[in-house]
Amino acid sequence: MDWTLTEDERAFRDEVRAFLAQALTPELREAGRRCSGIFSDFAEGQAWHRILAARGWSVPHWPREHGGTGWSPMQQYLFARELAAADAPPRAPMGTHMVAPVIMAFGTPAQQQAWLPGIRSGEDYWCQGYSEPQAGSDLAALQCRAVRQGEGEDAHYVIDGTKIWTTHAHHANRMFCLVRTGQAAKPQQGISFLCFDMATPGITVRPIPSMSGDHELNQVFFDGVRVPVAGRIGEENQGWSVAKYLLQHERGAAWSPLLRRRLARLRAHAAQQRLVPQDAPRLAQAMAELDAAIDALEASERRALRAQARGEPPGAAPSLGKIAGSELRQRLTELQLEVAGPQAALALPLGDGDHTPLPVAEAAVFAMSAYLNDRAASIYAGTNEIQRNIVAAQLLAQPAPEAASADEPLPPDLGMLCDSLARYLRVHAPVPRTRQPAEGAATPAWWLGLESQLGLLIAARPEDEGGLGGGLATHMALMRVLGTALAGEPYLGRAVLVPALLQRLPSARAGALLQAAVAGQVRIALAHAEPDQPDGRSLAGTQLRPGAGSSGAAWQLSGHKSAVRGAHDATHLLVSAQTPDGPALLCLPADAPGLQRRVLPLRDGAMAAELCFEALPCTPDDLLGPPGTATAEAITQALDEATLAVCAEAIGVLTRLMGDTLDHVRQRRQFGAPIASFQAVQHRLADMQLALTQARDWVGALAQAPLHTPAQLARAASSGHLAVAHACRSVGQGAVQLHGGMGMTEELAVGHFFRRATLIAQQFGTPAWHARRLAALGPG
Ligand SMILES: Cc1cc2nc3c(=O)[nH]c(=O)nc-3n(C[C@H](O)[C@H](O)[C@H](O)COP(=O)(O)OP(=O)(O)OC[C@H]3O[C@@H](n4cnc5c(N)ncnc54)[C@H](O)[C@@H]3O)c2cc1C
């Protein structure tokens, strides 16, 4: 989303756009659009690479001393995004992104001089010789043999064997290749990393046509191929660490730019197609959900770039990114097929660089190719099952993360407050906590301490009111910590939701109530959700009508508000209601005569009340501002701020669930082994971690985003909610499942956190409501 860019980043983006506008020919753009595989046809890809090289932008991610640009991670990301958005042909990564980092990290100065300039200019085109017929996922089982012969200047390896699935070997003039140079007890130990010319005698390339009809794959045979020893990168028999380093770069690519562009094209195609009327809203919603998932992926990719710039090890990020990116691509192609309908069946014989006009929409013709080719996305670069193995191994090797700690540094005052809050909660509000007999209808004792000792009610208020400032960002940092102790309420209602609403209402009474609320002099609850509006957002059943009959009241309020959090001990209620002029908001004393209040506990441990109004007399003084659009917008925006606060709370809740689950699977033994050793358990953990990481990174990005307009706030809230709702399901259900029977009890914390996670996914709008709203808002 562009509204997250700084001025400088916008200027950079505009510079790239201007360049693309003049450099990308219609033929190149067409090649980009029609690319249905990993990267575009050879000729167009190379032509585009050379244009970029002439501008000095063919390898922007390389260090300056090797011809890179010195751009920041964000600039590199923007560059990739602009290229994708302009339909630039995706270029093959084997040279620029795979072997080049290896040459820089492990190559000698002579090797760097010999190979890097050709990759940068596009003169050389590389292919990857890793897989063999008997060595796929188990790459270390490779058998292609290289025997060292000769001495001094004449020292060389003689290679015999075969490599398979070698993409674009028929175009490449160079190969990097893993060969077996020694037999050791551990298969990883006898491998070397060789680079050589594809024109070397003894090399044969056999094409392997894909099911899409494309020719990208090959099998390569080596028959006594002589490669100078100077072509080896790293030490003999030590090639495995070189190979793994390369794989991290292969998997670490950003997926979101191209996904976003393909989704935009899909939307355009759907808009042109005569979709079945009943299908159109469902497809629009599915595309909105995909959009939100791409937002979350983009946040993780940007975060990984920042971590890389700080020199941090990538950890599981490349594997998580590969799983997420490839699976989203596959989801996208399913929608492409559905939108294309019967036209997807057409198999047009289009060769490389063929610009023949098409009889039907281009997007329809290429939908099937994309669907077929993208099945490979979860296979190449290490299958997604192998990526899940890697993620789980990393997770299980590390201590459980500190649930309360932020991922990016917080301002010092806020960081200190969060630390104090976490300490306070550990001592005074441990989970599971037994409810005090008197607590049912009263504010919990631990909260009173938070108000008085840490000043939590005013923490996010402006500095001139005694707070730290920061508004929503401060709320989100605190809510994340509160989530770790299931202590989101009453902070959410009293410090976030009600102030967010009151400060948007122009009336003097609202201003006075706001001051009293943040000073803790009154306790106000918002009564908005209605039992017959299951989306949690719509307002219909509660009506405010002009007074009638003998009551003499100006207005009468009738309706039912359900599960009103905080209403059990509120002094005042803010009640939303429909009027003939539009939505209105009333402030009523909680003990108003005629108001029926039934206090009930909620499933997540919070307290609430059911409120019923039957022709409750009201006066104009009870109204906070005139009924109409402005009030409706104020309610929506306050609910959106609260949604984002709850998203942050969810990260605390889910991080704790993940940590507890990791502890459990390490300790629990069945069949004579810790259950963490079973692959089914590991893959479930990997999926939980994936959902949590994406939600965490996206919510973290939203906390920093400048949400100036109501539309920005709405988009952020809905997109954040969707990522969080998915994570709540994945992590919550996974945590209970992996605890087995123990997960079902009240005794462990897991059940308590699971209940809260489940309700978060429904709070302030269901996922379906948020997806519908995103679809209506359109792309950001
Ligand atoms: C389009 C495409 C392009 C490619 N390009 C190249 C290239 O340029 N150079 C190159 O060297 N290779 C390339 N590959 C090969 C790719 O890396 C391998 O296909 C991949 O590593 C899987 O190996 P395999 O095909 O032998 O499958 P297998 O390893 O036989 O796996 C078959 C199934 O078993 C599962 N499986 C295997 N082991 C495990 C395990 N331990 N735990 C759980 N599940 C497991 C796999 O996930 C998979 O679902 C390409 C592949 C494709 C599809």
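Don't overthink the numbers, they just go from 1 along the chain as shown.
Including glycine, each Cβ sits where the backbone N, Cα and C put it.
Lifted from TrEMBL, the feature list:
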{"type": "COILED", "residues": "283-310", "note": "coiled coil"}
{"type": "DOMAIN", "residues": "6-123", "note": "domain 'Acyl-CoA dehydrogenase/oxidase N-terminal'"}
{"type": "DOMAIN", "residues": "127-224", "note": "domain 'Acyl-CoA oxidase/dehydrogenase middle'"}
{"type": "DOMAIN", "residues": "237-396", "note": "domain 'Acyl-CoA dehydrogenase/oxidase C-terminal'"}
{"type": "DOMAIN", "residues": "634-774", "note": "domain 'Acyl-CoA dehydrogenase/oxidase C-terminal'"}
{"type": "REGION", "residues": "529-552", "note": "region 'Disordered'"}
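Applying DSSP to the domain 'Acyl-CoA oxidase/dehydrogenase middle' (127-224) sorts its residues as follows: 10 helix, 47 strand, 41 coil. Counting residue by residue with DSSP, the domain 'Acyl-CoA dehydrogenase/oxidase N-terminal' (6-123) contains 82 helix, 0 strand, 36 coil. Within its own chain, the coiled coil (283-310) is flanked in space by residues 1, 72-74, 76-77, 252, 254-256, 259-260, 263, 266-267, 270, 275, 317-318, 320-321, 324-325, 328, 331-332, 335, 338-339, 407-408, 693-695, 697-698, 700-701, 718-719, 722-723, 726, 768, 771-772, 774-775, 779-780, which lie at least six positions past its ends and keep a Cβ under 8 Å from the stretch. The helix, strand and coil residue counts that DSSP assigns across the domain 'Acyl-CoA dehydrogenase/oxidase C-terminal' (634-774) are 118 helix, 4 strand, 19 coil. Per-residue confidence over the coiled coil (283-310) averages 91 (mean pLDDT, predicted model).
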